[in-house]
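TrEMBL has this to say about the protein:
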TRANSMEM  6-24  transmembrane segment
TRANSMEM  36-56  transmembrane segment
TRANSMEM  86-103  transmembrane segment
TRANSMEM  155-176  transmembrane segment
TRANSMEM  196-221  transmembrane segment
TRANSMEM  233-252  transmembrane segment
TRANSMEM  272-296  transmembrane segment
TRANSMEM  303-321  transmembrane segment
TRANSMEM  333-351  transmembrane segment
TRANSMEM  363-382  transmembrane segment
Amino acid sequence: MAPDSGARLTGVWFLASFTWLLYSMQRHSLISQPRLSSFLLLFISGISALFVSLFSKWLPGADGRFDSDAVLKASLSSLPPRPRRFYVPCIIALVLFRLEITFRSLHDFQCSSAGVEAFLPLVLAAYRFFSYRPPQVESDEPEEMWGSVLEDLRNWFLGSPFTLLLGTSLLSYGAFSAGNSTIRSTYFCSSLADQGSLVAFIQWIGLFADAAIIILSWRVLSWARTTRSRLRTLGGILLATSFATCIPSLATRLFQRNEIAGHQSLGGVNPLYIFDTLSTGIVIATLVISASLMLCDTSPLEPVAIATAASGLLAGIRNTLLVGTYQQISSTQPLLVLGAISLGFTVFTYAIDMRSVIFIRRVFFLVLLLSILIFSAIYATLTQKMFTRHPVDDLVYKNRIEADRWLRHATVSTTLKLAVAEYGERHHGRNPPRNFDKWFEFAQEKKSVVIDKFDQIERDILPFWGLRPQTIRDGLEFLKSQPNIGIIRIVDGKVSSNSLAEPPQQEALDEIVNLISAFVNYLPAMEIAINLQERPRVMVPWNEIHQLRTIATQAGFQFISGRLGKREDSDSSVKEKIHSTEHRAPKDLVKPYITAHQFRQLEALTCPPGSPTRSGVSWDVRDFCASCASPHSKEQFLNDWQMALDPCHQPDIFNLHEFHTTPHQYELHQSLLPLFSGSKTASFNDILIPFSWGGSKEYYDGTSFSQKRDLLLWQGDVKDIPKVNHELLHGSHRLRLVHLVRNATAPDRTPMLLGIGTDKDSRFRYEHVPTTEGNSILPLQFSLTGPPEGCEDAHCEFMRDEFGLEPPAAEVDSRYVMLLDTVDGPPANLMQVLRSNSVPVLSSIFQQWFTERLMPWVHFIPVDVRYHALHSTMSYFVGLDGRGALNGRKQITPARTEDAKWISQQGRKWAEQAMRKEDMEVYLFRLLLEWGRVIDDNRDEIGFVFKG
């Protein structure tokens, strides 16, 4: 291969590998094991460099260190001073030091600043300016005596060392501004527990360490005689560094606990991790090898400047395409960024006399930059930045229609004949279960508004059609030996339960027995296991649950038994997993312990391959993940409630809720077991059962909506907050909400949709508002409550110092009540607030038996767990007119009090119609009829056939 084409190919590989890493590292399983990953990636890169050295004759510079035909060679490039012997050990030590401070900054990544790495070209340019200046080549031709003034100025400007500093300054500032324009996550930096200034200092130290590593590597590799010797030297450095990181990495691994259930091997090294390691290792090896060859062919500055310009341009173009949305409010900011990067890189290319950029001639590259600027300016100018109608208006209208459609779909059947026919259409031609006529009569007697739509029951029970009835019964026998499990027995038309030591659990079990007693005469004999903990406990990996669902949904359920007969090996493997879990399960009351990190890994396994969450839990806790929220959102506002409950497209949610950031201290089963629970997340496979925990009791709110305070209230008892660890403190859904309102600082900004114009001709647009101003103008009252006499432990004292403690207030006195999950389950007061005259403002990740019956924007106001739209949502309902100024301007947004009152009325009426005790009985009756058939050995032959 010719030297010119080889150098171009090297540049292409460098830019391609850099871009791939730039956009793939956001969700990577490698970050979860930083030390082990560092060792493996360095090792793979070192081996790759040694392997590539065998084919060095096809690479640039193969004949020696002087290559006058290099594409990226600048006229000022020259061989650096000869390296000292201690340079290689210094490089290894600097890499180890850089890794350690990277681990430290990742630990408190929420306190870091975005875009600091963009100043690396400026640091290298300063080194070139102060420490090393390539010698000027003297011309043999006499100096021109009659040159023009403009030509003299041009030559002076291009030859001045300050020109290079000017170009790199513009380039670095533009790239920094492009990367620093993203919205911050509500995963906060604590003023007491974190050291934000130390993290910022570490970032800058890391920047200078990067510059030192690049410069020393350049001086060492440039003096190698051939490309082969360069690559061998590079490979040796990488391998030595990898083994230097190996010892602390292995020592750290010895103190980590094992995973459970056989789906994670020691230390979380799973197939996904291995794949990420190999693929990323190859890409990093490509980047390091190509960058090293470019370094030797030019200088440290050129490849770094090209990478910085590329990342800045991509970020600027992305921001331009988002103009007009809440993610990119300003239309001029991305244009200024693109302009600074383009101008800075242009000056840079002339300052070092770079005739080509990778494989593009400089003149064509400058035309490309100019074209990007022009098209970006046109797009930003023409993009709609105003809303003539508030998005919440559309959401309320759309969901009102959807609620009516849902109700019509749920009440199609008015006779038993229609109900049987409708059941067959919705259940793959399967007949209803035995005694379906008794259930239909019972539902009509109880005046149930839902007759045909029980999708939650179908989703919960469907996988069990893929198991043999005997396997299901074996699972029940296993559950009987587990703690915190209640057993309900139905025999000969009578229902009973086992006795429990804890009164609250016994009361909950007695309530279910009381519900069943209303229809027990029509149920077959059975035993069911009830999870008496709030936290769900059955979480089956996606590949297994998908296989079971596929079997269950195959056409013609009457042939399932025949097909299952051919799956004895598969069925026995499931049974073996149950028995193996039983052997690992504790025989006493000691509960197993699963760290929060391990728990999130297991949750990711419940998502389908290729989904964002399956690819890796998001480690970027600092920046708002717009791609995670957009699938279930319209603009800034939550649109699809059911999709919002699914974590598989939003890997960042695992960092934003106490359920995911606390250790799982109860038995977690990864085999499909017949366990009934009151609530679960979309990752779990528990069977939902009507479980009120006292929420179904009658409640009367004597205060009308208009008499209540115009206030959004949430208070949480400090005793209910788990003992804080690092992840829970910063990512707790309850603590984040309190921090958002009580601990906002002056630099914090929140995107809000504000009205402009006049009352008759009002429009809406997004603006960045100081969070402190938004909090002061909106009636938000979020706080923790604690003992008035003072704290009794360090946990309470820390909460008081960080967030403050307030006396309890009556939530029913407020028009708007914020409903947040507990650490293990849904809001305990959800049904109470639904039945009140207040508006429920719900933020949750949990499903209950009635979740599919609730419609957002009709029965409650939904709020994403990220809280990025909280201010915009509440400003729509409470209004901003007369409340004060935002961004120095009085606001005209009127209050939509009537809409809020309507939602309150609709939620209360719907709770009285579809979520009564009678509705719990109807749901439970239907559920147990379906369950009784699934566990019957003759389930494919039994069923209800209408004979009319």
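Positions of Cβ are set from backbone N, Cα and C atoms, glycine also.
Outside the transmembrane segment (333-351) by six or more residues, the chain places 121, 158, 163-164, 166-175, 177-178, 181, 305, 309, 312-313, 315-317, 319-320, 323, 357, 362, 365-366, 369-370, 372-373, 376-377, 380 with a CB less than 8 A from a CB of the stretch. Within the chain carrying the transmembrane segment (272-296), a Cβ under 8 angstroms from the stretch's Cβ atoms is held by residues 7, 10-11, 13-14, 16-18, 20-21, 24, 28-30, 32-33, 37, 40-41, 43-45, 48-49, 52, 59-61, 65, 72, 214, 217-218, 221-222, 224, 227, 230-231, 234, 238, 302-303, 614-616, all 6 or more beyond its ends. Beyond the transmembrane segment (363-382), the same-chain residues lying 6 or more positions past its ends with a Cβ under 8 Å from any Cβ of the stretch are 313, 316-317, 320-321, 323, 331-332, 334-335, 338-339, 342, 345-346, 349, 356-357. Within the chain carrying the transmembrane segment (196-221), a Cβ under 8 angstroms from the stretch's Cβ atoms is held by residues 80-83, 87-88, 90-91, 94-95, 97-98, 101-102, 104-105, 108, 111-113, 116-117, 119-120, 123-124, 127, 189, 230, 233-234, 237, 292, 295-296, 299-300, 304, all 6 or more beyond its ends.
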